[in-house]
Structures are given as structure tokens and as C-alpha cells.
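This report concerns only the one structure given below.
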Amino acid sequence: MAVKWTGGHSSSILCLNANKDGLVASGGEGGDLVAWGEDGTPLGHMQLEGADDVTSVLFSASCPTKLYASHGETISVLDVRSLKGSLDHFHVNEEEINCLSLNETESLLASADDSGAIKILDLEKKKVTRSLKRHSNICSSVAFRPQRPQSLVSCGLDMQVMLWSLQKARPVWITNLQEDETEETEGPQTPGRLLNPALAHSVSVASCGNIFSCGAEDGKVRIFRVMGVKCERELGFKGHTLGVSQVCFLPESSLLLTGGNDGRIRLWDVSGKMEKLQKSPARHIHRKKAKRAACPTQGGNSRAPGAEDEGHAKILPKLDIEHGEKVNWLLSTKIKGNKSILVADQTSCVSVYPLNEL
């Protein structure tokens, strides 16, 4: 059962983040921003100027009281100890920002917006040093790669996933999830079965910096490995019966949290499955065969947690939570020293699930 944190918001919570001291920030509709203590007590509240939805919140790792929040086309810099006004603000995006990401050295802040652009803000110079424009639709998610402060991945509603190098200011690798999907689903289709387009909603990079995941509207979770300036898809499986709204690697781990519009939260160990595929001499043959395979057996049964991967083997979640609400944001952090999953959804509560057994 989840512990519910209440009393902070009056409408849907859209985003979450936590600092290393256990302080949690949540952003909601109408400009609402709340800071929470580890016991779930609201410590501070403010309404950001303009009353635009707060779409992303991000703590500084080097200065744990500093918080970046995106609302509308603006990024505000706040001190969570005193939520009375912003320390600084930047208006660098032309349309609503969807996601923020800091690089590991905290010299650069990326902001992805509805125009498909990603603005790279130099925090020392306080100016945009790069404007990355390649997505042809909303850029929904962006993430700097750990250990590689000049490299990032992004995804968007144009169904594209991109790897960027800031030295080049252009993507060094692009894949279209829908083309990928078309190849896989060649052959007989179930009559009357509609496939959701692979609109990409969320990306997350593992701590190693070389493995990243993407969640999409078709219910699939895809795992990629960066190989120099190219990426290879390592794994793809049907993780949810509706769109995957959130993917989130646990810190220093290959365990992946996913949340979906089906109201479920699942935890997957993707490393073991990738190792098996890599060791298999028939790996590429399996992939070709999988392209002719019918869709995973999970179908419309949300209680069948197994999902087929490209090699026809099933990948089973280590944890399967029937949360019951569409997931807006997922976060793995320590609360009072215990590993926990924090969930933002369509309600005004933050839900906290324990991860102690893992």
C-alpha cells in the first residue's frame, strides 16, 4: 500500500524531484510548487508567476537547496528553504517547456519544449550556447548522459529518439520508433486491432551513461546502448497495455521503473535480459524472426505482467503495482534512509511505495 502525501496541492501533480537530503519538490497545475519533508509534511508552497503549469522540477546536486522549475516558457531558480520568490529566471524557450536536465558538472541546463527545440543554457554565463532543433513535433523529454557532460538524448511526439553531441550541435544518431515498429509488425495482423503510434514520452539514462530507455504511446519500453556515435537497440518489450508515460532508471542500477496510462507501475531488471541476448549466437536471427512475430501476449489483460522481448523470451517485472491512476511522474529516491518510489498522478497527492526488498 502506498503512503499518501496530502495537503500540498489542490490539483494534479505533474512532476517530482528529490535532493540528497531527502527533501522533495513537486510541481503542479496552475503554477503550484510545493517542498515536502521526508515525513510527507508540506514545508513550503508558492505559486509561480503567470500561473502556468509547473512541468519539470530539478534540484542541484552540488547545492541541494537550489531548485530549477519550468513553467510555461520560463525557468525559475528557487531556494527551497524560502519559497517566497525566485533567485533568478530565464526566458529562453519560445514555447512551453516539458522537461529540464542538468549535466553532471552542472555547467549546462537543457530545456525541451513544445516547438521541438532543446535550449542549452550555460549557467555560468547565463545565456543560451546551443539551440538544438531537429524534432519536428513536441520534444517531450531530454536527459544528459552521466559521465558525459557534452552528450544528451531526447525523444518527442515525432516518434524520434536522438543522441546529441554538443560539439556538433546536431544529432549524431536518430531512430524513428514508428518505422522500427512497422518492420516488427509485418505479417498477419489481428483483425480490427489498432496500433497506437509510438509517440515517445520519456527517456532515462542509466548511471553508466551508455544505456538508456525510452517509453512510448504504443505501450513499449525500448532499451538502447550507445556505441560511440551510434546506438543499438538492445531490447524492446510491451511493458504496459496503454502508453508508457514515464521511464526511470534507479540510481547506480540497471533496474528500470516504468509507469503507464494503464495505471500500473513496474520495475524491470533489463541487464540480465540484455546479457542473454548478447551471449546468444543467434541474437540477430532472433531479432529478424521477432519482426515477424505477432504482438505480445499481454494484449488487453493488464494482469498478465509478462512481456515478450525481441528474442521471444518473456521478461517479467520484479515488481508490479496496480496504482490505479495515470502516472504523470516517477521518481526513485531514499526517504528516511529507505529506497522508495514516489509517484505523481492525476490526483493532488504524492504516493510513496517502499522498495526495501530490492
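Including glycine, each Cβ sits where the backbone N, Cα and C put it.
Remember, it's a predicted structure, so these values are computed and weren't measured experimentally.
What Swiss-Prot records for 288-309 is region 'Disordered'.
Annotation comment: Swiss-Prot describes 8-47 as repeat 'WD 1'. Counting residues per DSSP class in helix, strand and coil order gives 3 helix, 22 strand, 15 coil for the repeat 'WD 1' (8-47).
Within its own chain, the repeat 'WD 2' (92-131) is flanked in space by residues 52-53, 55-58, 60-62, 68, 70-75, 137-144, 146-150, 152, 154, 156, 158, 164, 166, 169, which lie at least six positions past its ends and keep a Cβ under 8 Å from the stretch. The repeat 'WD 2' feature in Swiss-Prot is assigned to 92-131.
Remote same-chain residues near the repeat 'WD 3' (134-174) are listed as 98-105, 107-108, 110-118, 120, 197-210, 212, 214, 216, 222, 224, 226, 229-231 (criterion: CB distance under 8 Å, separation of at least six residues from the stretch ends). Annotation comment: Swiss-Prot describes 134-174 as repeat 'WD 3'.
Note: the repeat 'WD 4' (195-234) comprises 0 helix, 25 strand, 15 coil (DSSP; helix = H, G, I, strand = E, B). Positions annotated as repeat 'WD 4' by Swiss-Prot: 195-234.
Residues or ranges marked as repeat 'WD 5' in Swiss-Prot: 239-278.
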Response to the item:
DSSP puts the residues of the repeat 'WD 5' (239-278) at 9 helix, 18 strand, 13 coil
Practice prompt. Determine how many residues of the repeat 'WD 3' (134-174) DSSP places in helix, in strand and in coil.
Written response: 0 helix, 27 strand, 14 coil
Worksheet item: DSSP says what for the repeat 'WD 2' (92-131): how many helix, strand, coil residues?
Response: 0 helix, 23 strand, 17 coil
Practice prompt. Would you mind listing the long-range same-chain contacts of the repeat 'WD 1' (8-47), meaning Cβ under 8 Å and 6+ residues beyond its ends?
Written response: 53-61, 64-65, 67, 69, 71, 78, 80-85, 328-331, 333-336, 342-350, 352
